[in-house]
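According to TrEMBL:
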DOMAIN    9-218  domain 'YjeF N-terminal'
BINDING   58-62, 131-137, D160, G326, H377, D441  (6S)-NADPHX binding site
BINDING   N59, D127, S163  K(+) binding site
DOMAIN    228-500  domain 'YjeF C-terminal'
BINDING   K412, G413, A414, H415, T416, G440  AMP binding site
Amino acid sequence: MKILSAKQLAEADKISIKKQGITSEELMERAASLVFEEIHHRLENRPIPIKIFCGIGNNGGDGLVIARKLMEHDYKVKVYIVNYSNKRSEDFLSNYDKLKALSKGWPVQLKGENDLPELNKGDFVVDSIFGIGLNRPIEGWMAKLVNHINQSGAFILSVDMPSGLFPDQAQEKNAAIVKADYTLSFQAPKIAFFLPETMDYVGNLQILDIGLDREFIGTLESNHFLITSEYARAIYKTRNKNTHKGDYGNVLIAGGSYGKIGSVMLTATAALRTGTGLCSLFIPECGYEIIQTGLPEAMVLTDSDSKMITEFPVEFEADAICFGMGVGTDEKSISALRNMLEHTRNPVVIDADGLNILSMKNELMELLPENSILTPHPGELKRLIGEWKDDFEMLDKVKAFSKKYKVILVVKGAHTCTVQNDSVMINNSGNPGMATAGSGDVLSGVITSLLGQSYEPISAAVLAVYLHGAAGDIAAKEFGFESLLARDIANNIGRAIRQLFNEP
């Protein structure tokens with residue numbers, strides 16, 4: 001699914017109005033009616049106080065339509081008009097008149113901090129103050145209104161955007177932004193919904209298709225995409241009946257050290273669960289019995305050193321190689337990575353200490369095979385690309401790194417971003433329970449397995465990230481967030497694959 005900018009969505013509105021032969025007010029009615037339907041579906045006419053805060057532009061007009069629809073269905077609604085200027089959009093004014101004609105009590109006018117209304121924990125607040133057109137921070141008494149809403153304890157639903165949140169530019173520090181519990185956004189996701197600094201303002205997210213012209217949207221160029229189950233399903237390769245294990249790749253996972261053999265076991269388990277035909281591990285001697293006993297499906301090669309990797313089996317013919325988890329950053333481990341890179345031409349997966357070694361020895365970056373996949377968490381990423389002032393600068397630096405070294409970066413986080421050149425694929429599966437030791441090792445195993453099964457590197461990375469998150473979601477339903485283990489993610493990959501095709 002394309003992630004679109006505010007400018008692109010505004011243009012899509014105009015084109016749709018023209019091609020569909022409707023007015024902007026009719027489009028507003030259509031969009032706001034969908035929000036009403038979602039609210040009505042959830043509240044089911046329960047006598048909950050609904051308090052709607054409307055700006056005086058088109059986002060406020062959406063709020064007025066929602067208020068009218070709710071009143072027509074006998075909800076207890078109170079409307080507040082946030083007067084932040086003397087200008088009002090035509091569609092706002094038209095819907096304001098319609099609401100006055102329906103309601104016995106006119107909307108309450110808010111003009112300053114002395115007008116802040118009482119809000120209670122049992123209230124249902126609809127935030128319809130600012131939408132995607134906002135391009136400056138909320139200040140003055142309106143900032144106090146935003147803080148008042150946030151501190152009320154009420155349930156907050158934002159229409160299209162949480163007010164104060166910019167859709168596609170960096171926020172100022174300590175900006176006043178509505179912290180929504182739920183956001184109903186129109187037609188396409190906005191990138192701010194998924195970035196670490198701003199995602200917490202969005203709450204649960206739902207995209208409403210308001211019927212903008214699909215042909216025009218199809219022509220819009222975007223470098224940012226949201227990975228959906230439909231996209232993952234399109235990438236996935238089904239198996240032929242007449243096959244054998246040799247058709248599904250032979251992967252080699254190199255890693256581990258004394259006390260950290262579990263990391264490579266998790267990676268190998270995930271690789272096998274994702275369908276690799278053969279899985280071999282290259283580990284220090286101290287891990288031999290552990291792997292042979294705990295993971296009999298895997299084959300084991302050992303380093304001559306008992307406690308760490310000091311070399312690499314360059315003669316081993318693997319369809320995909322993963323290096324890094326638990327290897328440490330000793331000079332001998334650095335030598336092993338160098339040896340591997342000097343003798344490998346196919347894309348490799350580099351994780352954990354493998355990434356730390358790259359950041360220590362920048363010259364090794366030049367040895368990375370084209371389309372290799374690097375999987376940093378935020379700390380590892382900073383060591384690779386340096387500090388950044390905001391999430392947008394971070395993405396720019398990741399794109400530049402990808403282009404410079406011709407690699408793919410899987411930037412791990414709540415919404416993991418897979419970056420190749422200027423393209424950013426943002427994942428929407430997964431949950432907080434996956435913030436646990438070994439989760440990244442599992443992801444590396446899934447990527448390596450798919451790479452070994454002849455997926456294109458970018459497809460392997462994107463599909464792996466989605467399946468990893470989906471498996472975590474399935475596991476969380478059984479164990480909850482707090483009790484979720486990395487092995488639970490690995491053991492639910494098969495269910496995540498079946499779920500792509502709606503199989504139990």
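Cβ atoms are placed via backbone N, Cα and C, with glycine included.
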Using C-alpha atoms only, work out the spacing between L134 ((6S)-NADPHX binding site) and D127 (K(+) binding site) and round it to an integer in Å.
14
Rounded to a whole angstrom, what is the C-alpha distance between K412 (AMP binding site) and H377 ((6S)-NADPHX binding site)?
5
In angstrom units, rounded to an integer, how far apart are the Cα atoms of A414 (AMP binding site) and H377 ((6S)-NADPHX binding site)?
11
Quick one: which residues besides K412, G413, A414, H415, T416, G440 have a Cβ within 8 Å of the AMP site's Cβ centroid, in sequence order?
H377, V411, C417, N427, G430
Reported as an integer number of Å, what is the Cα distance between I132 ((6S)-NADPHX binding site) and H415 (AMP binding site)?
21
Tell me, which binding-site residues from N59, D62, R136, D160, H377 are within 10 Å of G413 (AMP binding site) if we use the C-alpha atoms?
H377
Minimum Cβ neighbour count within 10 Å among the binding-site residues H377, K412, H415: which residue?
H377
For the K(+) site given as N59, D127, S163, which other residues of the same chain have their Cβ within 8 Å of the site's Cβ centre?
F53, G55, G60, G63, S128, I129, F130, G131, S158, V159, D160, M161, P162, G164, V178
Out of G60, D62, G440, the binding-site residues in the record, which is closest to S163 (K(+) binding site) when you go by Cα distance?
G60
Can you give the largest Cα to Cα distance in Å, as a whole number, for the residues K412, G413, A414, H415, T416, G440 that bind AMP in the record?
14
Those binding-site residues listed as I132, L134, A414, and which of them has the most Cβ atoms within 10 Å of its own Cβ:
I132
Cα-Cα, whole number of Å: D62 ((6S)-NADPHX binding site) versus G440 (AMP binding site)?
42
Once the DSSP letters are reduced so that anything not helix or strand counts as coil, what is D127 (K(+) binding site)?
strand
Candidates D160, H415, T416 (binding-site residues) with Cα within 10 Å of N59 (K(+) binding site):
D160
